[in-house]
Amino acid sequence: MKPIKLQTKIPSLKGILAIPGDKSISHRSIMFGAIAEGETTVTNFLLGEDCLSTISCFKKLGVSIQQKEDKVIINGKGFYGLEEPSEILDVGNSGTTIRLLLGILAGRPFHSVLAGDESIGKRPMTRVTKPLRLMGAVIQGRKNGEFTPLSIKGGNVKEIDYELPVASAQVKSSLLFAGLQAQGITKVFEPVKTRDHTERMIKKFGGEIEIDGRTVRLKGGQRLSGTYIHVPGDISSAAFFLVAGAIVPNSEITLKNVGLNPTRTGIIDVMKEMGADITIIPYEDDTFEPCGDILIKSSILNGITIEGDMIPRLIDEIPVIALLATQAEGETVIKDAHELKVKETNRIDTVVYELAKLGAKIVATDDGMIIKGKSNLTGGTVSSHGDHRIGMMLSVAAAICKNEVFLENEESIYISYPSFFDHLKSLQ
Ligand SMILES: O=C(O)C1=C[C@@H](OP(=O)(O)O)[C@@H](O)[C@H](O)C1
Ligand SMILES: C=C(OP(=O)(O)O)C(=O)O
C-alpha cells in the first residue's frame, strides 16, 4: 500500500478526547462473559481488530454474542457451554487472544486449532504451552509448541503451583483460566507485578481469588455469573496523546475516562519524573477498575532511567516514551525491557531504526535503549512494520518534524485504536 503523508509542524494540540475502551479489559470481558453463566453486557468495548478477533473466536466456540457498535451482549453458558470449533480459531495479530484462549481451552475436552497472522507466527508460545501441558493439556505446534499454528486438546486439568519465568500478565491470566477448571488450588507467582485485570474480573463475575503481593491463588471448579462491564478508556492509547501534549508546543489536552489501574500507570509516573505537566482528576466510583480524566500541557522535559519493576507498568508505552525522551534534555536510559523483543515486532529494533531515520539520537542495547535529547526531528519515510504502537508513535513524532513525513503500513493502527487519526486531527 502507498505510504500516507503525516501532518508535520503542528503548532499546538488543544481539546478534549474520550479515549476508546481498554484493549486488555475488552478481551477479558468477552472471555469471562463466555465462561460465566447468564448474560453479560459490555459497554465502551474497544472496536479494535484484536478485540474483534476475540469475539470471532468465541463465536466459533458456539457462544452467542451480539455486538452493536461498542455494546456487546454475551450469553454465557459456563465453561460447559463451549463447543468444539469446526473452523480454525484465527487470533489475527493478537497475542492476548491466543495466550488467554489457550488457558480456557486447556480445560475443555475437545480439539481446537489456533493460528494468526505472520507476526503471531513469530511470537513465543512455550511460556504458556509448557505450564498448560504440565496441567494436562495436549498441545502440538511448530518447534514443539513454541509457534503457531497450535492444536490443543484439553480436559481434566490438574491445578498448578507455578513461578512465572517472565513477568507476563498474559501467562498469568492463561494459567488462571486453566486453574478455574482444575480440581485443586492453582497458585501463580510472578517475578514482577503485572496488570491485574484478570484478577479484578474474576471478582466482578462473582468468583474468588486471593492476592498476596506477587502470588495469586484460586480454587478450581468455581462458577461465575454474568454481569455488567463498562470498559474504561485505554491508558496505552491515551499514552500517544499524553506524549503529543507534552512535546507539541502550546498544547493542552484533556483525556476523559482513562483507566488508572496502578498496574498500568507507569507512564504517568515516568512522565511526571521527566517534568511533564500532568493533572489527574480521579473518578470516585472505582471499585472495579480505577478511572479518571487526565490533563496534559506541554513543558520542558528531562531525561531519566526507566528500569526494573516499572517496566511491566508501561511495557506497551515504551515506543512512545522513547519519542518523548528525544525531546527531553539529557540522557534517558530504558533497561530490563527484553520483553519488547517479542511483541508485534522487535520493538527495540523498530523504535531505534525508525526514530533514528527522523534524526533522533538513539541506540539499542541488549535490554532496552539509550536516547540523547533534545533533538530536532527532521523527516523522511518511516514504517510501522505492521506494529500498531510503532505506527502511532511515528504519527505523533511527525507532529514535531520540520520536513515531510510519510508512513508505510498505517493500517496496523486499527489493531488497537481505529479512531486514532480522527482524534489527532480533532485537536488541531
Ligand atoms: O494481558 C494483557 O492484556 C497484555 C499483557 C502484556 O503482554 P505480556 O503479558 O506478554 O507482557 C501487554 O504487552 C499486552 O499488550 C496486553
Ligand atoms: C503487545 C501487544 O498486544 P498483544 O500481545 O495482545 O498482541 C500490544 O498491544 O502492544
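Glycine residues also receive a Cβ, built from the backbone N, Cα and C atoms like all the rest.
These figures come from a predicted structure and were not determined experimentally.
The domain 'Enolpyruvate transferase' annotation in TrEMBL covers 9-424. Sequence annotations record features per position, and here TrEMBL assigns phosphoenolpyruvate binding site to K23, G95, R123, Q170, R347, R389. Under the heading 3-phosphoshikimate binding site, TrEMBL lists K23, S24, R28, S168, Q170, D316, K343. The annotation active site, proton acceptor is assigned in TrEMBL to D316.
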Q: May I ask which of the binding-site residues G95, Q170, R347, R389 is closest to R28 (3-phosphoshikimate binding site) if we compare their C-alpha atoms?
A: Q170
(Q) Please give the maximum pairwise Cα distance, in Å and rounded to a whole number, for the phosphoenolpyruvate-binding set K23, G95, R123, Q170, R347, R389. (A) 19
Q: Might you list, by sequence position, any residue in that chain lying six or more from S24 (3-phosphoshikimate binding site) with a Cβ less than 8 Å away from its Cβ?
A: T96, A169, R195, H197, D234
Q) Looking at the binding-site residues K23, G95, R123, R347, R389, which has the shortest Cα distance to S168 (3-phosphoshikimate binding site)? A) G95
Q: Could you check what DSSP calls R389 (phosphoenolpyruvate binding site) once collapsed to helix, strand or coil?
A: helix
(Q) Excluding near sequence neighbours, so keeping only residues 6 or more apart in the same chain, what lies with its CB under 8 A of G95 (phosphoenolpyruvate binding site)? (A) I120, R123, Q170, K343, E344
Q. Cβ under 6 Å from ligand 1: which of the binding-site residues S24, R28, S168, Q170, D316 qualify?
A. S24, S168, Q170, D316
